[in-house]
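Step one of this worksheet: look at the structure below.
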């Protein structure tokens, strides 16, 4: 039974619906951030993140810091680049532009490799770019929340290892960790950054990062100070290592409530094999995409291999605007998101299908949402083929 | 009646005990960060902060960003200073050292004006320093959490306005906002930065800043880009202005649960006149300090005018270490904090008395804590005079 007040089902690409136990952890009574009980919970949370990211290399380093997913960009730019460093940013939507802006803020030189809307840079283009210049790191948005475009991290990592092995591989996994397969060690990734409120299933407010031993070594070898104070690994690295060793430590006050909620959601996620979780997200996503297609609608990500498993960005029929269909869906107790890609924002909607809405067999959020979409479009005058 | 599970009373200088309604808001069901309901709550929260800081000047600008109090330092350093700018940092404990380090990170040149432990820089020393160099801004820790030393913001601001009127006045109010009087407009302050988990009474996870119109103009006139991305007012200013005007806006995902909790705590605080709140904190603080003195114990802040109203840092009797007395107090269901000032950390303890533990007439947290301290010291072999 849910303890949550009745409310419209939130099916945007984050924040997602949360499990009751996770929300209950949010209201945990106040406790000291350096008290034994919280130190233990924080330490376990960091260790569980290793499992979520599928890394057993002890040199890998998790970070959990109060902030949003965006703070992960600052952590990468301020700790892993120094002024003048060249960075290759693969562009699949809104978020690459912002990540590039973040690099520029800290003095690195981002080069964006773009693809048409709904597509992603192809392997040969990436290979060509990597051969033209020495890049300190390459970034890729695993799932771009603005377009629903999925990148192929495994193949990309193989390419980088072959063509430019010294280039660090940074994955923006804000909209993928927990819904898309990520094998940190096997694929040889250097950083995955993410946030709490998407497929990880914990309310917003935490920046979550996994860094490889090689990333940490790169950080330690830097010639200049980290270019951020709040995001500085110099400040946070000893704190994270101490907490994971169950020793209290202080740089800035963490949020016991948010960390307890994260602990709860990670415990739930790790109770089943991760492969089952990813397979289930894929299965539900396929069903959604088939329904969308059968309705005669197109996705921003046209090619199947470009389609994320935790969200779907859907072009609306000609003559129907997002501002028209979204309030209709809200009346049907379903919340989708509007478009975020500047050029076409009013022409599409985004449907998030991650976490408990997909995994909890007691919920039928997805079927309800598809029904709402069908009748909403029909009420707007659209006739499916 | 409390809905909180029975637990030891948290009387450290933050996080503090939270009200039931605030914790219930933390477990609010998931909602869109750009949905009408949350936009309205966030907008009201920003407007209520104006009242808390006692500013009615529409040019003042509140910021609420996921992070910790520390992020406020980054906001000040990265938005209000440019490389090479001189900054005067008044030192009353641990936190001035860290703030100075933050300025250094962003290229400003901090000069620290120190005082002996337990004291604060005197007006004549500040006046002399201000006349020696042109400072872009001066910072003062209103209450230093490491020492319990209170600064006199009103007199300091008068001095700065007289001697160096162009210098921006920045108050670190992490351990003072909500427990010490702050009159933003009347005193002519340019920035107060704080966090959610102390006298404001909302769980940790939010950086809260109020900037004056003059500070915003200084920011807008800068010749270089803001030196932080996540903390950049260029990114956040339009977001805060839009939310307060009840318009959805996106830069990075805020935490609806934390913002709702802040909304709840601010509503409670503003339900009574602020002057009554400050008077009550002072009254309870006086009682605590009299008891401490009657026990023959000294405070780090020896002079009455240096003593904070929301916390007390207490030297332990010779031969009794913090590591001995704190576990004893925990057995008595009272949590105090150990020392934080490096040089004397083991020799003192810190007692936080802010928020509901002071304001809620149904609680007798303070009396219980004083009783626990008395018997704890007695059990450790100390005989009060």
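Just so you know, glycine gets a Cβ as well, placed from its N, Cα and C.
Automated prediction, rather than curation, is the source of TrEMBL annotations.
The domain 'Aminotransferase class V' annotation in TrEMBL covers B:25-341. Positions annotated as N6-(pyridoxal phosphate)lysine by TrEMBL: B:198. According to TrEMBL, the feature substrate binding site maps to B:350.
DSSP assigns residue B:198 (N6-(pyridoxal phosphate)lysine) to coil in the three-state reduction, outside any helix or strand. Counting in whole angstrom, residue B:350 (substrate binding site) lies 14 from the residue listed as 'N6-(pyridoxal phosphate)lysine' by their C-alpha atoms. For the recorded site, the residue listed as 'substrate binding site', the DSSP three-state label reads strand. For the recorded positions B:198, B:350, the ranking by surrounding Cβ atoms (within 10 Å, all protein chains) places B:198 first.
Within the model, the domain 'Aminotransferase class V' (B:25-341) shows a mean pLDDT value of 97, rounded to a whole number.
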